[in-house]
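Here the structure is laid out as structure tokens; the discussion comes afterwards.
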Amino acid sequence: MFDSFWTLFAHDIGIDLGTVNTLVAIKGKGIVIREPSVVAIHKKTRQVLAVGTDAKRMLGRTPAVIEAIRPLRDGVISDFDTTEAMLRHFIQKVHQNPKGSGFRLPRIARPRVVIGIPSGVTEVERRAVQDAALSAGARQAFLIEEPMAAAIGAGLKIEDPEGNFIVDIGGGTTEIAVISLGGLVLNRSLRVAGDEMDQDIINYMRMRYGVLIGERTAEDIKIELGSATVQTHEKEAVVRGRELASGLPKSIRISTAEIREAISETIMQIVSSIHDILEETPPELLSDILERGIVLTGGGALIKGLDKRISDETKMPVLVADDPLTTVVRGCSKVLDDLDLLSKVKVTGGLR
Ligand SMILES: Nc1ncnc2c1ncn2[C@@H]1O[C@H](COP(=O)(O)OP(=O)(O)OP(=O)(O)O)[C@@H](O)[C@H]1O
Ligand SMILES: [Mg+2]
């Protein structure tokens, strides 16, 4: 990946430590890691067996001695040791020399790291992320709030005196923020996002058909059929699960309309929070937003028709950012290029 060891000195990195996906970008080089936030560990020895894509394949399929863990839930660290192991794995993966000799970085060559975190996290949770990054090999770890990183990544002019409205719908959290003059004027972090929709689908299949499906299947259905408005081409898909009554496998044909109904309450919660924040927005900023539009980022922005639904219910223009799954990490890496901006937008960070 790198030309020589010495180039390591320049490799400051931006990390989007997401509940569902972790992305790492190297300053000046772009995104180098994009993997699920999953770690597989041996239950008895606590040894890490796999991280990322390899570990995700094991979710729901592990034998008794192996556990596949998602160390972040609802946007916060629920398992500190595993989060640290995951961060260490990714930071070291970025810094491995081409022959992969497992060489460890001397302190001077350790990266400066900018990490996007949900805006609703407590001081204790922030410290947990920072400590995890420092003990995973970072020389300095700066934290910036996810909606700020998303806005910067989406190319919004956040330092202007005009208002910007950003909604980042991830796996664990939905971040809604109004940004002006480099700061969050208003923000709300809802612990409801893509994961909740997966649970909605699991519940729907159980209640309506008496069939049990796993989280991965639910996510696949959501990505394929999930929508927030009626689609011109409504689709159907076959879902395989286990019938609760008989304990045997069963296939069910389900439609876009059913999945829309299943996730509708979660969509409603997101839409009504956006509504609440708009109501609290000062009128001057509101008129800027009316001009610039509400910008959607995060994987949840890809739910079909969500932009239209939000627009219908708020009477505001709504745009989906380019490549919404990478907006936060691109924002994190942009602030590494602009240390003035970093000092303005960081919530915490510095030397150990
Ligand atoms: N095409 C798609 N349609 C609908 N949902 C999608 C699509 N692609 C990804 N998602 C969903 O987006 C979510 C992941 O988005 P993202 O990577 O932005 O979250 P995250 O940053 O890991 O989570 P958080 O920001 O809450 O910590 C998952 O719930 C995933 O199922
Ligand atoms: Mg995110």
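Glycine is no exception: its Cβ is also placed from the backbone N, Cα and C atoms.
These figures come from a predicted structure and were not determined experimentally.
Quick look at what TrEMBL annotates:
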BINDING   G171, G172, T173, E219, D220, I221, K222, G299, G300, A301, L302  ATP binding site
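Sequence features, as recorded in TrEMBL, placed on the structure.
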residue	record	Cβ within 10 Å
G171	ATP binding site	25
T173	ATP binding site	32
D220	ATP binding site	16
K222	ATP binding site	22
G300	ATP binding site	29
L302	ATP binding site	17
Near ligand 1, meaning Cβ under 6 Å from any of its atoms: which of the binding-site residues T173, D220, G300 fit that description?
T173, G300
Per DSSP, to which secondary structure element type does G171 (ATP binding site) belong, with helix, strand and coil as the options?
coil
